[in-house]
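Step one of this worksheet: look at the structure below.
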């Protein structure tokens with residue numbers, strides 16, 4: 001059921017925000033295809049966009065350059081729109097090794113992937129929301145331009161049930177099998193169902209914590225209700241329900257059969273070509289692999305790598321763009337590209353890398369030529385499909401500057417914070433000078449970001465600072481997304497004072513505690529020291545009232561000059577605003593919260609809690625007990641362990657067993 005977008009916030013637009021909202025909304029209503037929101041760090045770009053969405057009342061897709069920023073934006077939008085559908089659509093792979101062939105060493109690398117079940121559920125929830133509700137905001141990464149199942153086929157496969165319907169139980173079970181749900185009478189999990197007499201319990205693939213109960217009386221649907229799959233408690237009765245498929249790649253049976261006919265025709269043509277070219281090994285390989293896939297599709301309705309036949313499954317012609325998340329959007333949707341100076345080049349680069357890999361697979365008989373149409377969108381195709389667009393960036397790139405019909409500036413921060421003061425200091429003494437600056441900041445409980453040009457320099461610097469009793473960490477490209485978020489969180493909490501990095505301390509890092517940004521070798525002109533990179537890096541200190549940026553350089557390059565001039569322009573605009581409205585700058589106060597749900601565990605009561613905190617709390621509880629109480633607690637835990645084992649819940653039983661061993665080893669020794 002759709003509602004109107006309703007923004008919930010204790011803040012009202014202030015500073016440059018009211019005029020920016022007004023201009024963006026007017027631009028959308030006037031039909032401008034592209035607009036740019038040029039917003040300085042800490043000016044409230046997210047809040048401005050949220051207000052614009054509320055005013056235009058249009059479903060919105062927001063593209064982010066990486067999962068970290070997508071999670072940050074998702075958390076903020078959920079706070080702003082608690083009553084609306086705010087969804088998250090990113091790649092569901094924790095690990096992904098694409099199928100590839102290396103001719104030089106005759107090495108075939110099979111596709112290998114580990115899918116994150118929770119993110120898969122969120123992706124399915126996103127497409128469900130956008131098809132059912134107008135009040136939907138989806139936060140996505142470039143995953144949104146990769147091929148997804150055809151929306152028409154997907155929507156044809158929905159299972160609709162209404163109270164009073166005449167339908168045979170076998171027919172419902174057959175439809176669930178077509179939706180790729182599996183029967184599991186022991187444990188009800190996502191995308192499974194169980195049958196108990198005339199009652200069918202279904203756990204929808206897109207649902208996080210609600211299952212569906214279908215009660216039949218003979219061949220009539222007598223009752224439909226939602227229940228908690230963990231406790232079995234009934235939540236509410238409903239007059240009708242819709243069950244969505246387990247995957248975006250489900251296809252009606254008749255379409256599968258016509259797909260097999262088309263694959264046969266293409267296979268015959270391709271085998272003939274390979275035979276004429278005397279590529280007999282490739283011919284045999286292709287025939288064997290394709291026939292195996294066809295057999296699987298005929299029997300099960302899918303096969304491993306079914307996406308390679310997506311041209312036929314979605315009924316497209318050769319070379320036509322694949323269906324993507326953008327095809328699921330309604331006609332009046334709005335597209336917002338955050339950190340556009342990074343996201344736009346990403347969108348442009350996806351197609352080429354994918355194409356090169358697949359051409360090798362086709363040439364050596366691992367795939368049919370139609371597999372080349374299982375691909376991300378080309379940039380020109382993305383442009384044609386994209387609805388009205390707003391770019392967001394503190395440093396818009398050349399594409400945005402060229403395309404935008406209007407640039408809306410957001411230079412004034414409501415907090416009164418002025419762009420960091422910039423100083424240029426000589427390179428010769430940069431390390432020792434920086435060390436003395438760090439000690440000053442650490443004494444005031446403030447944090448420091450240091451950016452270097454090379455990995456070696458970052459490592460050496462970290463080692464040097466550690467020797468001088470500085471609490472320092474080094475952020476490098478080998479650190480995964482969740483760990484990176486944890487390091488930034490520790491920096492904010494004061495676990496350490498200095499974070500050293502290369503190109504990782506840029507877009508969207510929201511760390512109000514940072515009062516100093518040091519850029520080493522700032523005069524080495526190049527990508528890492530371009531005007532945009534310098535503005536973005538210096539902006540990390542713009543959320544603190546004592547913000548300062550030190551550029552270590554022996555000369556002022558053109559990039560430095562332009563970056564410093566832009567910072568000065570922004571400082572003048574902010575100072576004039578502060579003077580006019582009698583504002584005293586204040587540092588941004590922001591609670592340190594978890595933004596990535598993967599770093600948390602879901603408890604039975606529906607709350608997310610930090611895993612480490614959970615263990616620490618448990619331990620402190622047992623330490624406080626007397627030996628008698630501890631023995632009683634151990635007996636209780638043993639009963640719990642046997643109960644899980646009797647119910648075949650072996651994972652839960654193992655977890656309780658480990659807890660018992662931990663108490664016996666650690667805590668009982670301490671007590672003795």
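From the backbone N, Cα and C atoms, a Cβ is placed for every residue, glycine too.
Among the features that Swiss-Prot reports, domain 'Helicase ATP-binding' is placed at 26-181, with the record citing sequence analysis. The feature ATP binding site is assigned by Swiss-Prot to 39, 40, 41, 42, 43, 44, 45, 46, with sequence analysis given as support. Summarising the annotation, Swiss-Prot assigns motif 'Beta-hairpin' to 92-115. Marked as domain 'Helicase C-terminal' by Swiss-Prot: 430-592. Marked as domain 'UVR' by Swiss-Prot: 631-666.
Where Swiss-Prot records a feature, it is marked here on the structure.
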residue	record	contacts (Cβ under 8 Å, 6+ apart)
39	ATP binding site	20, 45, 48, 392, 393, 394, 409, 410, 411
40	ATP binding site	394, 410, 411, 413, 419, 539, 542, 570
41	ATP binding site	394, 539, 540, 542, 543
43	ATP binding site	15, 16, 17, 410, 411, 412, 413, 414
44	ATP binding site	13, 15, 17, 410, 413, 414
46	ATP binding site	73, 76, 77, 80
Near-site residues: ATP, ref 39, 40, 41, 42, 43, 44, 45, 46, CB cutoff 8 A to centroid: 48, 394, 410, 413
Rounded mean pLDDT for the residues that make up the domain 'UVR' (631-666): 78
For residue 42 (ATP binding site), the number of other Cβ atoms found within 10 Å of its own Cβ: 21
Secondary structure of residue 39 (ATP binding site) (DSSP, helix/strand/coil): strand
Around the Cβ of residue 45 (ATP binding site), the count of other Cβ atoms that are within 10 Å: 22
